[in-house]
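Asks: This is the structure, below, for whatever I ask next.
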Amino acid sequence: MKIVAPVMPRNVEEAQSIDVSKYQDVNLIEWRADFLPKEDIVSVAPAIFEKFAGREIIFTLRTSQEGGHITLSDQEYVDLIKEINAIYNPDYIDFEYFSHKAVFHEMLDFPNLVLSYHNFDETPENLMEAFSEMTKLAPRVVKIAVMPQSEQDVLDLMNYTRGFKTLNPEQEFATMSMGRLGRLSRLAGDVVGSSWTFVSLDQASAPGQVSLADMKRILHILESED
């Protein structure tokens, strides 16, 4: 299970002052570009990609529809993604599939897609259908993050992940049940078939994230021999 940590600068000065040494034990860097004004994203990009040269980067524009900090039309969203991809070719591009279906056809040739779905309110009854629809598109990663209202919601998310991974062993999944109640799902990726777990450093990017230091300790215990 790979550890993912976010960088969330709000301006170019913050981007230039990122302490990359804090990320040495992280496998993937997620640049949450939605913390910037939309007109600043392209100009701040060089600082991010230079800071983390040689590291695997996920470019994410988390929009307000899915708990993020930026509001964009479908076309603005896809155009920004395509511009960043054309210049920097990040290892992964997050695409909010259900929020921007109307422009998904423009992403069909992208080999680095993380098709994502986030629901900060609930674990929807049609969660299995969401898994199925995104898995059929065979992106590089299927990412699902939902908010549990009960213990059963957490178990459902974990069971669906295990089931779809078993049926689609070549497909990568990154799934999590959010909040304190769902924290167990962030630790059990190796059991259920989720390839990534998202951690916090100075500031969490989603509710229920475990700190990098705690995650390292937990994984050491889980992965150690008897």
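Yeah, the Cβs are placed from backbone N, Cα and C, and that goes for glycine too.
Below are the features listed in Swiss-Prot for this protein:
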| type | residues | note |
| --- | --- | --- |
| ACT_SITE | HIS118 | active site, proton donor/acceptor |
| ACT_SITE | LYS143 | active site, schiff-base intermediate with substrate |
| BINDING | GLU30, TRP31, ARG32, ARG62, ARG186, SER205, GLN209 | 3-dehydroquinate binding site |
Asks: Radius 10 Å, atoms counted are CB only; among the recorded positions ARG32, ARG62, LYS143, ARG186, which position scores highest?
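Replies: Counting Cβ neighbours within 10 Å, the top one is LYS143.
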Asks: Between LYS143 (active site, schiff-base intermediate with substrate) and HIS118 (active site, proton donor/acceptor), how far is it from one CA atom to the other, in Å?
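Replies: Rounded to a whole number, the Cα-Cα distance is 8 Å.
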Asks: Between ARG186 (3-dehydroquinate binding site) and HIS118 (active site, proton donor/acceptor), how far is it from one CA atom to the other, in Å?
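Replies: Cα to Cα, ARG186 (3-dehydroquinate binding site) and HIS118 (active site, proton donor/acceptor) are separated by 15 Å.
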Asks: So how many other Cβ atoms are close to TRP31 (3-dehydroquinate binding site), meaning within 10 Å of its Cβ?
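Replies: Taking all protein chains shown, TRP31 (3-dehydroquinate binding site) has 28 Cβ neighbours within 10 Å.
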Asks: Fill in the CA-CA distance, GLU30 (3-dehydroquinate binding site) to the residue listed as 'active site, proton donor/acceptor', as an integer in Å.
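Replies: One finds 16 Å between the Cα atoms of these residues.
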Asks: Rank aside, I only need the closest one: which of the binding-site residues ARG32, ARG62, GLN209 has its C-alpha nearest to that of HIS118 (active site, proton donor/acceptor)?
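Replies: Given the candidates ARG32, ARG62, GLN209, the nearest one is ARG62.
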Asks: For GLN209 (3-dehydroquinate binding site), what residues in its own chain, 6 or more apart in sequence, show a Cβ-Cβ distance under 8 Å?
Replies: ARG186, PHE198, VAL199, SER200
Asks: Give the helix, strand or coil assignment DSSP yields for ARG186 (3-dehydroquinate binding site).
Replies: helix
Asks: Let me know how many other Cβ atoms fall within 10 Å of the Cβ of HIS118 (active site, proton donor/acceptor).
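Replies: For HIS118 (active site, proton donor/acceptor), the 10 Å Cβ neighbour count is 22.
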